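Novice: Found this in TrEMBL, in case it helps:
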DOMAIN    3-91  domain 'Ig-like'
DOMAIN    100-195  domain 'Fibronectin type-III'
DOMAIN    213-297  domain 'Ig-like'
Amino acid sequence: EPPKIRLPRHLKQTYTRRVGETVNLVIPFQGKPRAKVSWEKNGSPIDKNDINIRNTEQDTIIFIRKAERGHSGEYDMKVEVENLVDKATIDIQIVDRPGPPEVVTIEDVWGENVNLSWKPPKDDGNAAITGYTIQKADKKSMEWFTVIEHYHRTSATINELVIGNEYYFRVFAENMCGLSEDATMTKESALIAKDGKVYKYPVYDDFDFSERPLFTQPLVNTFAVAGYNATLNCSVRGNPKPKITWMKNKVLIMNDPRYRMFSNQGVCTLEIRKPSPYDGGTYTCRAVNELGEAEVDCKLEVR
């Protein structure tokens, strides 16, 4: 029996865990006589003292008791039976809370308003920064109050401050694990003077948001079980909003009750109701707007 790795669907995309959590992955495979299994991380042999790997005749297990950032990387699995080889790669990402923003600056003070800017943190915690939380404190009490949460840009205007008071500000960074443990505070305070100067609003050119369709998440080759609904997912962006069509083996899917197509917030889904082996093949998602078109495809195998 030739070697064949049965990589679980959730491991075909990046497998994400937080620092301190346990990683316990079971990857089944086939192959007779008894297959030889080997692992590498980022192209080098795995340190067995750091990462526990156990192999049986039909599966291999990766076990990490307490994950650390250094465990992130590409893990390459190889199964050999005599001269035949099958390979698979698992991308593991261990994430942690980010560090605080680098520096927070008071750019301008006018009327009852303060304009702040800051720089993203040096350490993003191995995950994308999803936003910032901004707090203010009156210099007299130094009690902190949140004024903006889940804010995406690196500059903000704080409004409705009390005339005559003096304020400090601080900013936390945020990723999928939560807020940074510390915040970065402004070095200077902002005095809301009684005679505020007149603020001149900047003049901005109109920004052209037009964009040809672009798939930001492709379709993934999928295995389905006959008689159980299967779904194919991808995501697309574009302006004007692209028109989405689906094809099977390059033939347009039209008014077929076995298929259900829907899209939400740019995520496009094709549901195949109770597929049979006949429903296997190459499925394509096409997005079209007046600026152009884009396609992604994948193979569906029904067993």
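Yeah, the Cβs are placed from backbone N, Cα and C, and that goes for glycine too.
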Novice: What does DSSP give as the helix, strand and coil breakdown of the domain 'Fibronectin type-III' (100-195)?
Specialist: 0 helix, 49 strand, 47 coil
Novice: Using DSSP, tally how many residues of the domain 'Ig-like' (3-91) sit in helix, strand and coil.
Specialist: 6 helix, 49 strand, 34 coil
